[in-house]
């Protein structure tokens, strides 16, 4: 009908939903221009976070059972202050971290208990401070007398007598549940605290990620699938570290066998005695020095070659008499000498 508001059920208190709420709150607090503007939005977000944490806490401790009604009677009489101490069994369980279990990550568990019961919950006594040096320094000082006592939980409440007694009784029952150590691997409260810490640190993994059980099932399915039997892969020879000796002709055709080599003055070349003429004589070729053997191929042609030599036989440099030794020296030829020019 028109004018009727559609009521929707609250989302289930799941870790994913709590992570989304925490991210929204962190985003709002990181925007300075919006701080203090959306007062109702911030209040509704805080209330939803408290509701989700309360439902998750109740499901963890009470086994997903409906908690008894938290309704309180009307106040009768003046405001009184009540308190009670619950000592922690550290002597029976010396290795158990009761302080971390009661406070929770960043004190969230203790704050949740305070919001539910309406009482103030504090951890006092020896070992209640994280900094042991600071605890020893404060021991014996005013307002630090509790450090001389054993580790305990102090519960205080201020309300009318009839209401204060009910609140204190509920808080004592909830704290006593925390003072009972759970077996390793079966502590649901510890798992919830670790999950909240991961959400606060931003390291919580979404539930949509494939679980290990599913991964194992997929691996088993892959192993059960038929496989194609193939022969062993051939073993390849190791790669050669050096280039093998070429089987074809040499790379430098300009270097040929030396047949005759005569000096300009007519005397035989010194290498002629070492390398005798004949088709069986030749140069020693090293196949692993390619960059050094290719370079002289072009420089050989820069020098004049005697007519008596063959192509490839390097001759000494001949002095040409028709060239000037000095740039300012005048060359006098036979024709000029006869004419006197």
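Note that the numbers count up from 1, one per residue, in the order the chain is shown.
Including glycine, each Cβ sits where the backbone N, Cα and C put it.
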Query raised in the report: With Swiss-Prot as the source, which of 150-181, 182-213, 214-245, 246-277 is set down as region 'Qua2 domain'?
Result: 182-213
Query raised in the report: Tell me which residues of the chain lie with their Cβ under 8 angstroms from that of residue 120 (site 'Involved in RNA binding'), as long as they are six or more apart in sequence?
Result: 114, 155, 156, 157
Report task. Pick the one among the recorded sites 97, 193 whose Cβ has the fewest other Cβ atoms within 10 Å in this structure. Result -> 97
Report task. Look up residue 190 (site 'Involved in RNA binding') in the DSSP assignment and report helix, strand or coil. Result -> helix
Query - Shortest C-alpha distance to residue 97 (site 'Involved in RNA binding') - which of the recorded sites 124, 190, 193 - result: 190
Requested in this report: State the mean pLDDT for the region 'Qua2 domain' (182-213).
Outcome: 68
Query raised in the report: Between residue 190 (site 'Involved in RNA binding') and residue 124 (site 'Involved in RNA binding'), what C-alpha distance do you get in Å?
Result: 21
